[in-house]
Amino acid sequence: MTNIRKSHPLLKIVNDSFIDLPTPSSISAWWNFGSLLGICLALQILTGLFLAMHYTSDTATAFSSVTHICRDVNYGWVLRYLHANGASMFFICLYLHVGRGLYYGSYLYKETWNVGVILLFAVMATAFMGYVLPWGQMSFWGATVITNLLSAIPYIGTSLVEWIWGSFSVDKATLTRFFAFHFLLPFIISAMVMVHLLFLHETGSNNPTGIPSNADMIPFHPYYTIKDILGLFMMITALLALVXFAPDMLGDPDNYMPANPLSTPPHIKPEWYFLFAYAILRSIPNKLGGVLALVVSILILIIIPLLHTSKQRSMTFRPISQCLFWLLVADLLTLTWIGGQPVEYPYVIIGQLASVLYFSIIIVFMPLVGLMENHLLKW
């Protein structure tokens, strides 16, 4: 008799995706982040659902409803801080996942990579709208500044901004629609994750060597389920430590002040995970140029498969490319730091240099170094 997990129409899909899935035997801990992202998404949907039961998306009561959740709802503070810090964990895993893809050449699975880039955009949009919901000072002014960037689009810009606002400023209509989209998008993201996995399972996973591993595959369960559970415990430990001991460490103190359209905070800045893109935006003195640089800084990931010049897939055996990759990481950390600093000397010039370096590494240096390594290896 056939095992039910292999014959049942629904269980068969689960079996082929998570149990009997042939997986390269050599994949390292860098391959843990996919499953961690899935768990982060599930955690965000669950905590978000319970928060939505107590939250009101009205400018008069939004701030009070968040305070009510923290003070009066049973374990409401746990839900709120799990959700807020869970977003930070989500982005840490997301950036490490993308970094892994860049380092090991996973972007050559073009369909999986492109769906992944769209997923990144969707998660960023969701996080931005979620940051507006508590209706604190930074929520209000962050929403005003970022949505206002669309006014840089020629001809239709101003109309587009007012259409998104639903008013002539960020107001009740804006908050209500942001709440609606913030609730809806994670479910769309979940569907896109399925597509992401569908494309991945068409080709199978990449591995650290970048060499096809068809001859050496092992079942996903129990080997990688156990390995993923270790990663899960480490992430949950970090998240709970953050929630229980330093819940506001990654937040902005200004967001504990109710939104006031008449008082601008001294330094308007987004959450830490958007600071690198914000620094690129600010480094260009022209509004339209800044907006284009901001969008291209993420959209550039789409063209990375086209910029791959090396005859090796992974960077494992390419030391010069490795140096360039870690320079890119250092550059992104520098941009993150600059994004949180005021617009004054020397931060402005550091931000501009880091922005130029960011685009130069990806568009110019990485393809050139790939060709150079081919030449050095006489390929």
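Any Cβ shown, glycine's included, is placed from N, Cα and C.
Per Swiss-Prot, transmembrane segment is recorded for 33-53, 77-98, 113-133, 178-198, 226-246, 288-308, 320-340, 347-367, and the stated evidence type is similarity to another entry. As annotated by Swiss-Prot, heme b b562 binding site applies to His83, His182. Swiss-Prot lists His97, His196 with the feature heme b b566 binding site, giving similarity to another entry as the kind of evidence. Residues annotated as ubiquinone binding site in Swiss-Prot, with similarity to another entry given as evidence: His201.
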Filtered by Cβ under 8 Å and at least 6 apart in sequence, the residues in the chain of His182 (heme b b562 binding site) near it are Gly48, Thr126, Met129, Gly130, Leu133
Original post:
Are there three or more C-beta pairs under 8 angstroms joining the transmembrane segment (113-133) and the transmembrane segment (347-367), sequence spacing 6 or more?
Top reply: no
Sequence-distant residues near the transmembrane segment (320-340) by C-beta distance (under 8 Å, 6 or more away from its ends) are 99, 102-103, 269-270, 272, 274-280, 282, 310, 347, 350-351, 354-355, 357-358, 361-362, 365-366, 369-370, 372-373
Tertiary contacts of the transmembrane segment (113-133), defined by C-beta under 8 angstroms and 6+ residue spacing from its ends, are 55, 57, 62, 66, 87, 90-91, 94, 98, 101, 106-107, 139-140, 142-143, 146, 174-175, 178-179, 181-182, 185-186, 188-189, 192-193, 195-196, 199, 270-271, 273-274, 298-299, 301-302, 304-305
Listed stretches 33-53, 77-98, 178-198, 288-308 vs the transmembrane segment (226-246), most Cβ pairs under 8 Å: range 77-98
Between the transmembrane segment (77-98) and the stretches 33-53, 178-198, 288-308, the largest tally of CB pairs under 8 Å belongs to 33-53
Under 8 Å Cβ-Cβ from the transmembrane segment (33-53), and at least six residues away from its ends along the same chain, one finds 69, 79-80, 82-83, 86-87, 89-90, 93-94, 96-97, 100, 182-183, 186-187, 189-190, 193, 228, 231-232, 235
Counting every protein chain shown, other Cβ atoms within 10 Å of the Cβ of His196 (heme b b566 binding site) number 21
Comparing the Cα of His83 (heme b b562 binding site) with the Cα atoms of the binding-site residues His97, His196, His201, the shortest distance belongs to His97
Reading the DSSP string in three states, the entry for His196 (heme b b566 binding site) is helix
If you rank the binding-site residues His97, His201 by how many other Cβ atoms lie within 10 Å of their Cβ, the lowest count goes to His201
Around the Cβ of His83 (heme b b562 binding site), other Cβ atoms found within 10 Å total 21
